[in-house]
Structure formats: structure tokens, C-alpha cells
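Q: My structure is below; once you've seen it, I'll send some questions.
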Amino acid sequence: MSLTRLLIRDFRNIETADLALSPGFNFLVGANGSGKTSVLEAIYTLGHGRAFRSLQIGRVIRHEQEAFILHGRLQGEERETAIGLTKDKQGDSKVRIDGTDGHKVAELAHLMPMQLITPEGFTLLNGGPKYRRAFLDWGCFHNEPGFFTAWSNLKRLLKQRNAALRQVTRYEQLRPWDKELIPLAEQISTWRAEYSAGIAADMADTCKQFLPEFTLTFSFQRGWEKETEYAEVLERNFERDRQLTYTAHGPHKADLRIRADGAPVEDTLSRGQLKLLMCALRLAQGEFLTRESGRRCLYLIDDFASELDDERRGLLASRLKATQSQVFVSAISAEHVIDMSDENSKMFTVEKGKITD
């Protein structure tokens, strides 16, 4: 599935844009503040319902406008799909697919699996566990049809349980929540464990190509003790949870530990090496999806040249081309991406929110 056309209206500093896109590489070149990252963010928002630079909707809608409008056309092997997303200042969204309203953002996410690589993406490696849980959950979402519903229900039950912890005095009063919570927690943890085990070889192979000087290891931590039933953990920790007023153990505390030569990667790797590792993990995840389902990812890469020397940029470019996926790359100068260009790619110039090809 590739995005063949993108319409943007009142998004960030872009008043209006109508872009015919390449199914291969699409380059967005412009000075800082020109709007090239806004194009990437518009694509991301079309597939996620939210921007990646700001959670405040008022900052995403163009100044003095009431809403942004995004439309796209997705070309699959057998059919074309029209998609649209409108969001106003109150945060109300409208999702349209093939001319019909009432759809969910999760449907857009399923139609447009994408990988985002930005200068801020180091949080996957040096940020809290929630970023690595999101990495695993992306894979589970695209691999397990029931994952999103289970994950949504888990979040709801945890919120209710945490609220109840402020009011109850005996564990028996929590059993109605835990009766629902326990099977969901165990199922989600099983899916995450299976996914991390399935993708482990892909991650190791790709990381070895990008960072041959290190031995990288990956271990999934489910969020509570090994060999212990979740029901036992919840009951045993009731008094502590009640004092904390939140549930201290469970799938919401899971992590994917990543080590280089036995040490945490954030303590061992340079910024350039961390970016290479981040790129390797995103590539491995996209390639794993393609092998498992036949679906290709869409890759968004902001500020391609930062932190990478010519050799590493060339390696990343060759691996991206090998995926045969659609790729969007922003850069300050065309010189940084000209070597990646071929007869099928498109080069867009971005200046003060205006986009030309």
C-alpha cells in the first residue's frame, strides 16, 4: 500500500497543498522552519489521528483557523482506498474511508502501517519503558487482530482499578476488576512475548549490519515476576498498591531491555550510534511485518543527515531501497539526498509552507 496523493489544508504552516507522490522515495527539501517536517507530520497524523511533535491540537491547526483537513489516496495491489481526517480546535475528529463517515482512527492506522525516524526518536532507546512498550505494541497491533480491543480494555480497567484503590479497604472489593483484568493482562503479555521472540532474529541481524562493533541483546520483561501468576501478584501487592493508589505491576510496566556488550545502550553508544540502532530497529520491524503479512511499511525520516556520516547514510539508504517501501525523507539540502534519488523518486521543495516539485 502506498500513498499516491496527499491533500493538506490548514495544517501547521501549510495553508493548502495537493501532492502527487512517488511509490518509492519522496524527498522534502527546505530550510529549517520551511514546513518540510510539517508534511511528514501531516502524513503521520493521517495514519494516527495525532501529530508527533505536539499533543496540543491548537498548535497543529494553522493560525486563526478552526480545523485541519487531511486527505489521501492509498494504492494497494488490488484497489485504491480514499481516506480523510478532519480535526477541530475542540479535539473532535472525523474519519472518512471511501466516502463514508463514522470510522475509527485505528482503521487508518491499520491501513497505513508506518515507521517514524526523527532526531527525537532516541527516546526509544534512552527514554522510559513506555516507548519500548509502544514499539512492541505497534507490532502486536499489526500482527494480532484482537490486540487493539484487548489493549483498550486493559487501559480502561487499570484506570478504574486505580480509582478504586483510593476507596477500598479489602482486596475482595477489587476482585470484580481483577477478574476482567487478569486474563487481559496475560493475553497481552503473551502477544508481546511472542512478538519480541519472533522479531529478535531480525533485530539482531539488522543491528549487526549497522553496528558490527557491538553485540546487541534484547530481552522482554513482562512487568511482573517470572513464573508467578498475575492473580497472585495483584493480591499479594494489594496493600502496597493501595498506599501508592496505583497498580504497581502488570503489562503497563513491561519493557524491552536492549543492551550492547552487556551494558544498557544509553550508557554505551554515542548519539550517532544510537541513531543507527534506532534506524535498525525501525527497519527490522517494517521488514518483519512485510515477511509475516505481505504488507509494506511507509517510512517517514525527518532530518536524514543528522548524526550520520556519508557511509552510514548510504547504508541506511540502501536498506530502505531494499524494502521496496514508500519512503518520505526531509533534508535541509538536496545534496544530502541526491545519491538516493532515482528515476522513480520525487523531489519537493518546501518554502514558507509552499510545496513545489
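Going from the start of the chain as shown, residues are counted 1 onward.
Quick reminder: no glycine exception, Cβ is built from N, Cα and C everywhere.
Quick paste from Swiss-Prot:
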- GLY30, ALA31, ASN32, GLY33, SER34, GLY35, LYS36, THR37: ATP binding site (BINDING)
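Situate these features within the shown structure.
A: Under the three-state DSSP scheme, GLY35 (ATP binding site) falls in the coil class. Neighbour count (other Cβ atoms within 10 Å of the Cβ, all protein chains): 24 for GLY35 (ATP binding site).
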Q: Taking the Cβ of GLY30 (ATP binding site) as reference, which residues of that chain separated by at least 6 in sequence fall under 8 Å from it?
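A: When sequence neighbours closer than 6 are ignored, GLY30 (ATP binding site) has LYS36, SER330, ILE332, THR349, VAL350, GLU351 within Cβ distance under 8 Å.
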Q: Which residues does ASN32 (ATP binding site) neighbour through Cβ under 8 Å, counting only same-chain ones at least six apart?
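A: Result: ILE332.
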Q: Using DSSP with the three-state reduction, classify GLY30 (ATP binding site) as helix, strand or coil.
A: coil
Q: Around the Cβ of ALA31 (ATP binding site), how many other Cβ atoms lie within 10 Å? Please give the count over every shown protein chain.
A: 12
Q: Only counting partners 6 or more residues apart, tell me which same-chain residues put their Cβ under 8 Å from the Cβ of GLY33 (ATP binding site).
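A: Spatial neighbours, sequence-distant, of GLY33 (ATP binding site): none.
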Q: Would you count the other CB atoms within 10 A of the CB of SER34 (ATP binding site), including those on all shown protein chains?
A: 21
